Amino acid sequence: MNYTETVAYIHSFPRLAKTGDHRRILTLLHALGNPQQQGRYIHVTGTNGKGSAANAIAHVLEASGLTVGLYTSPFIMRFNERIMIDHEPIPDAALVNAVAFVRAALERLQQQQADFNVTEFEFITALGYWYFRQRQVDVAVIEVGIGGDTDSTNVITPVVSVLTEVALDHQKLLGHTITAIAKHKAGIIKRGIPVVTGNLVPDAAAVVAAKVATTGSQWLRFDRDFSVPKAKLHGWGQRFTYEDQDGRISDLEVPLVGDYQQRNMAIAIQTAKVYAKQTEWPLTPQNIRQGLAASHWPARLEKISDTPLIVIDGAHNPDGINGLITALKQLFSQPITVIAGILADKDYAAMADRLTAAFSTVYLVPVPGTPRALPEAGYEALHEGRLKDSWQEALAASLNDVPDQPIVITGSLYLASAVRQTLLGGKS
């Protein structure tokens with residue numbers, strides 16, 4: 001297979017399985033020599049912020065001299081971004097070879113059991129674990145797909161577990177309450193393994209407290225055990241002070257905006273420090289400073305054009321939209337235009353309501369390239385917004401009607417990805 005055929009093969013697997021357990025991926029991993037049982041891992045979950053935190057953790061540990069694998073989803077520009085080593089995406093040739101190897105293992109299993117198969121995410125996760133072992137990374141930072149306990153990534157014993165926050169999202173899979181969702185996410189907490197979390201809402205904190213009581217895990221919580229006592233905008237980024245029991249690190253800079261990124265970066269620092277302590281690896285304040293300064297993360301309040309001023313953001317649930325609105329009010333004193341595309345399996349009504357209440361000009365558009373896109377009929381019910389056939393049409397209307405207003409495109413990482421690929425290069 002060539003590269004295009006390889007990516008098409010990966011996407012040919014079913015998206016969901018009838019049962020949410022680890023039997024399929026463990027069977028495939030066993031056929032690959034159980035790479036997930038070898039090496040060191042950091043496991044990261046959370047409704048929002050897990051990608052930003054995982055990215056920053058990897059950058060900080062890379063700055064300390066470690067070779068770091070990073071497994072995330074979804075990709076923004078190219079599939080290869082999902083499996084990176086020292087922030088270099090897996091090369092095309094390496095991806096082709098790795099997929100061929102994992103495919104051969106899968107086909108051997110299917111010769112023994114004709115109806116055996118895995119989901120797309122299970123295949124990619126097994127691929128990531130195998131590739132990281134082949135490249136002998138020092139540590140791999142693994143971002144959960146959805147939830148935690150039954151997620152395909154949850155087949156490892158990490159050095160440290162991370163839970164950024166708990167909010168309502170993926171309710172059909174995880175449940176309709178904070179408590180239910182928190183129980184899924186707390187499923188990555190392992191016996192005796194430290195866990196670093198955000199300042200969780202009370203219902204989620206109660207779940208984690210009960211979990212660590214049974215696992216005997218050390219629990220390090222934002223705003224209790226570590227904090228950001230001081231922060232301010234610094235260009236299109238932030239400068240802040242981090243504090244924990246070891247003292248303060250001042251004037252840290254990160255190229256990310258939004259108050260919630262202060263929490264994510266603090267979680268990343270604390271996680272890296274816990275990892276270093278657990279593995280007796282030297283980690284200096286300068287490593288932390290250098291790693292955070294490099295922690296750009298695409299499609300997270302990312303400015304992709306100055307003239308016109310265009311920002312893309314992957315906020316995809318009501319909690320994420322709340323954080324986005326707060327950040328935009330801090331960033332801009334003038335009116336802004338919002339272009340929002342939301343998936344049908346999200347709480348699109350609440351998201352659209354919050355955006356239209358906060359901003360006078362909101363265009364609603366379909367998310368391209370995914371069967372999960374909200375159909376036009378769903379948008380028509382949201383009468384406050386202006387329905388457009390595409391984000392390109394909404395962008396053109398905004399540039400024509402209010403050419404001097406900043407434009408923010410949000411609602412889904414899939415939409416942010418499509419916009420970024422088109423405006424910054426890649427497929428149209």
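In case you wondered, yes, glycine gets a Cβ from its N, Cα and C as well.
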For the ATP site that Swiss-Prot gives as G49, K50, G51, S52, N264, D313, G314, A315, H316, the extra residue out of R40, R300 is R300
With Swiss-Prot open, pick whichever of K185, K211, K346 is annotated N6-carboxylysine. K185
Based on DSSP, name the secondary structure state of E143 (Mg(2+) 1 binding site): helix, strand or coil. strand
Name, in the order they occur in the sequence, the residues of the same chain whose CB lies under 8 A from the CB of F75 ((6R)-5,10-methylenetetrahydrofolyl-(gamma-L-Glu)n binding site) and which sit 6 or more residues away. E81, R82, S417
According to DSSP, does G49 (ATP binding site) fall in a helix, a strand, or coil? coil
Within 10 A of the CB of S417 ((6R)-5,10-methylenetetrahydrofolyl-(gamma-L-Glu)n binding site), the number of other CB atoms across every chain shown is 25
Listed binding-site residues (G49, G51), ranked by Cβ neighbours within 10 Å, top entry: G49
